[in-house]
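Quick look at what TrEMBL annotates:
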type	residues	note
DOMAIN	22-286	domain 'NADH:quinone oxidoreductase/Mrp antiporter transmembrane'
DOMAIN	288-335	domain 'NADH dehydrogenase subunit 2 C-terminal'
TRANSMEM	59-79	transmembrane segment
TRANSMEM	91-114	transmembrane segment
TRANSMEM	150-169	transmembrane segment
TRANSMEM	176-194	transmembrane segment
TRANSMEM	200-217	transmembrane segment
TRANSMEM	229-253	transmembrane segment
TRANSMEM	273-292	transmembrane segment
Amino acid sequence: NPYILATLLFGLGLGTTITFASSHWLLAWMGLEINTLAIIPLMAQHHHPRAVEATTKYFLTQATAAAMLLFASTTNAWLTGQWDIQQMSHPFPLTLITLALALKIGLAPMHTWLPEVLQGLDLTTGLVLSTWQKLAPFALLLQIQNVNPTILVTLGLASTLVGGWGGLNQTQLRKVLAYSSIAHLGWMILILQYSPSLTLLALLTYFVMTFSTFLVFKLNKSTSINALVISWTKAPILTSLTPLVLLSLGGLPPLTGFMPKWLILQELAKQDLAPLATLAALSALLSLYFYLRISYAMTLTMSPNNLTGVTPWRFSSPQLTLPLAIATTATISLL
């Protein structure tokens, strides 16, 4: 029903906007809660056991994170008499809130729900979950000052490593994308303390690249690596561009995805954190391996059934192909 859909999408936007605009912890919590409640019906809209299972998992983790956030902010108000987001001073609620937000966006080691949930959703809702749902917790993470840098660095490094290792043995594209999301978020959290503007740049480029990747898989109607092998017959031009999109996600020069990683490594080196930068760069190699494997499946394997005579080359849906063209161009535009 379009009315219900419009209401839910409005709720999704409203929740994020409330969190963006709030300076009071209670209001920020309320925005996160509205956001969660709005996406849950969207996730369960295909009445499929897998979707319902994913929705339940998502609801439980988000409710836990929101409860942790509320508890931490109440504790902060109790200890310091402050409800203001930017005036957090006590280390205990600060740590607790950082962990709650990490659970909300799926940073390692609180990441285990994300691949499971994403695997149960269709690609459109999965795209919303991977991009829009990350905005509100990120706004809060950027606003809280004087967090213990060790916590953020540990979370970030764990996420880049887990996102690299986890995606290696996956055959399902949505799970690969979930691990890719964990790895990218790790990069953003690593640099959060030292240069928030770089975090935002990384977030923005991640959004653009994920958007084009999800749309490519949606256009091909493929959810596993095996299904990509026959995408050559469905859309030859798109298939030859997709490896560039994937390598951009992996962060290879001279593609767009290289820029934030390059700048982050440079900033980490400036902060005398060379070992950390080295580890992060090595963990990016792990991610690169599974992007290369998907690229290989798409371009360097011939599909067994040669359907080139009946290829549906011209796509009829401009509402899918126009954003795809823009996103793909932005993802692979050279630096």
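Even glycines carry a Cβ here, placed using N, Cα and C.
Taking every listed stretch (91-114, 176-194, 229-253, 273-292) in turn, the largest tally of C-beta pairs under 8 A with the transmembrane segment (200-217) is reached by 176-194. For the domain 'NADH dehydrogenase subunit 2 C-terminal' (288-335), the predicted model reports an average pLDDT of 77.
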